[in-house]
Amino acid sequence: MEKAAGSPSVGGSYPQKNAEILSSQYGINLFLAGLLLTFAWAVHAVGISKSHLLSYLITLMLIQLLWMLWYLGRSCTQRRLIRDKDTHAGARWLKCGITLFAVITLILDSFKIGYYIDFSNCLSPTEGIFPVTHAVHTILQVYFLWCHAKDIIQSFKTLERFGVIHSVFTNLLLWTNGVLTESKHQLNEHKERLITLGFGNITIVLDDHAPQCNCTTTTLCSIFSQGIYYLYPFNIEYHILASTMLYVLWKNIGRKVEHHQQHKTPFKFHGITIGMIFGLVVLTSTIAIVVVYLIQIGRSKIKSELALTMFYLHAIFVLALMCTAGIVALLIYRLEDRSLDNSKNPARKLDAELLVGTAAGSWLLSWGSILAIICAQAHPKYTWYNLPYSVLVIIEKYIQNLFIIESIHREQEKVNDDIKTLRIVTISRGSTLSLTPSYKEIYNGRAAPESREVPCLLKGSVCGRENDRGAKEETSQDKSSVMHSASDISFCSRNSVTNNKRRILKNIAAFLFLCNLSLWIPPAFGCRPEYDNGLEEIVFGFEPWIIVVNLAMPFSIFYRMHSAASLFEVNCKT
């Protein structure tokens, strides 16, 4: 039967559901307005200048600052109240990561302020106000996330929904602005590289909105202008991480949580030496490849082709190793019999959705490259390496997503009940007792000393004290001892196998973690063969392919960083 319309449970849920819908629609419209304003500035729309875009972003940041100050002030007055917390949200390592990116973002803001001072004669005042506002916004937002990322808000829920969703889409717009600015800078460099590879028929004129006046101090201007673009990847990651943490906070508003504490799982280097060594080798070699690539690409046709070939061969080798590691991990999971945790968890659900959603960016680029190789009439030698590279990108992400999503949904491993309540059967005055000492007591051989019959499990062997009560009792004890010794040996064998599997999984997670960090570095710092090989531009046309790359590349870059964060969590849980 349906509940009556006046039922308290129904009446209480409708306003909150409406508030969720209204706040999400508010955020989407806020984002779309900013997105169109950004697009209009990028294409030099009549009547739209960069100052209009920056004014809009400054206004959004100031509104978010007011809301965060109000929330922090209200939390300070109610600090004695016991509040529900989402133990899965805002992990310490995630907070440390966003803090690192925020510090580099503050350096970026200081460079922008210096750049504005040098070009102040021909730049709008908003270009000086924006980095100052952004720096204040960054400091307060990081503090807010450190203190309140785990909150489950139960008061002023409607107002808080609008405040949090405003913060989510403000960060997404700042991320979009950073991606566009960085992409425009990269495009000019890639156009020059394509010309050195022999693609001289590209006539698209690209504009990076350079100031129309001379710099007051040429050396400083060069440092600021070049340094800004090397810092943008960190700024982009900062804003996307902040938006995801705030989104989890928004989903948790008004949520009813089960009051059970999550077991803390600190990261430990013990047992992951092999994975770390192989991962560090990949990381070191990737940094070397990126340095050589950036030096050689665009110098001459031969050097550019060698740089592309070197990149593809290295990437093929790394991706093949990652695929192999992921398949081994999935096979181990198939051999285990562990249930999945299907409880409601907004943070975990968002992680899984982001993995699949952002992987689509790389898949789009890979399928475009595969189609271009098939359809192209001429094939320079280096382009054939692009085919296995593109195929492996698709397969590797497919396998890795399966591994990560299954790992974060598997129930956190607890001490086995057989360990915690190991039955130790002894004979005491002709009666059978069942003892349940703690694991540490069993391991150290100190189980229930007051009972005077203390069997102990030490280094895989079982020993027990027996009473010599006569031949019949000895016979029955021998039979019982044989049965329990066999079961204990079987249990120890199973425990050893489980530990070996866990060690392998931890090494795989550590290896994949470092590999994803390695594969984040090349596209984040300008090593992008999707731009440089030129084959896709010939098949699809320069402008259409550049649009596809500019849309897909930010998601591909974010995928690697998000995968690394997820794998770090997997390593802690395993």
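Start at 1 and count along the chain as shown; that gives each residue its number.
Just so you know, glycine gets a Cβ as well, placed from its N, Cα and C.
So that you can see what the record holds, here are the features copied from TrEMBL:
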type	residues	note
TRANSMEM	26-47	transmembrane segment
TRANSMEM	53-72	transmembrane segment
TRANSMEM	93-117	transmembrane segment
TRANSMEM	129-146	transmembrane segment
TRANSMEM	229-250	transmembrane segment
TRANSMEM	271-295	transmembrane segment
TRANSMEM	311-333	transmembrane segment
TRANSMEM	354-379	transmembrane segment
TRANSMEM	504-526	transmembrane segment
TRANSMEM	538-559	transmembrane segment
At a C-beta cut-off of under 8 Å, are there same-chain residues at least 6 beyond the transmembrane segment (354-379) that contact it? List them, or none.
244, 386-387, 389-391, 393-394, 397, 401, 404-405, 530, 535-536, 538-540, 545, 548-549, 551-556, 558-559, 562-563, 566
Answer key: the stretch among 53-72, 93-117, 271-295 with most Cβ pairs under 8 A to the transmembrane segment (229-250) is 93-117
Are there residues at least six beyond either end of the transmembrane segment (93-117) with Cβ under 8 Å to its Cβ atoms? List them, or say none.
123, 127-128, 130-132, 134-135, 138-139, 141-142, 145-146, 149, 216, 220-221, 224-225, 227-228, 231-232, 234-235, 237-238, 241-242, 245, 267, 565, 568-569, 572
So which residues does the transmembrane segment (504-526) touch in its own chain, when a touch means Cβ under 8 Å and the partner is 6 or more beyond its ends?
186, 189, 230, 233, 271-276, 278-280, 282-283, 286-287, 289-290, 293-294, 311, 315, 318, 321-322, 325-326, 328-329, 332, 400, 403, 407, 553, 556-557, 560-561, 563-564, 567-568, 570-571, 574
For the transmembrane segment (271-295), could you work out the same-chain residues 6 or more beyond its ends whose Cβ comes under 8 Å from its Cβ atoms?
307, 310-311, 314, 318, 321, 503, 506-515, 517-519, 521-522, 525-527, 571
